[in-house]
Amino acid sequence: MATYKVTLLSEEHDIDATIDCNDDVFLLDAAEEQGIELPYSCRAGACSTCAGKVTEGDIDQSEQTFLDDDQVGAGFVLTCIAYPKSDCTVLVHQEDELY
């Protein structure tokens, strides 16, 4: 099991934090465990409440069913079902940017 440094950013919500996240832990869960509140609703990858956007690094979100190919290609992720696969940077609170 690998552990990665995940930087979570949201200028609007005053979030600039780097957390440790194992490669088998969802980003949302790791953030909550380390005291960072992020938006969520379904926790199943079936809505867009927890959407983020990866600006650096690799994420595995193969369990998601909501985002279309264009959104995934643009770097959007659902933090409730996304695992880090490298050190990465994720803009959080991005649901409004999806549309």
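Just so you know, glycine gets a Cβ as well, placed from its N, Cα and C.
[2Fe-2S] cluster binds C42, C47, C50 as Swiss-Prot records it, and from the list C21, C80 the residue named for this site is C80. Here the Cβ of C80 ([2Fe-2S] cluster binding site) has 26 other Cβ atoms within 10 Å, regardless of which shown protein chain they belong to.
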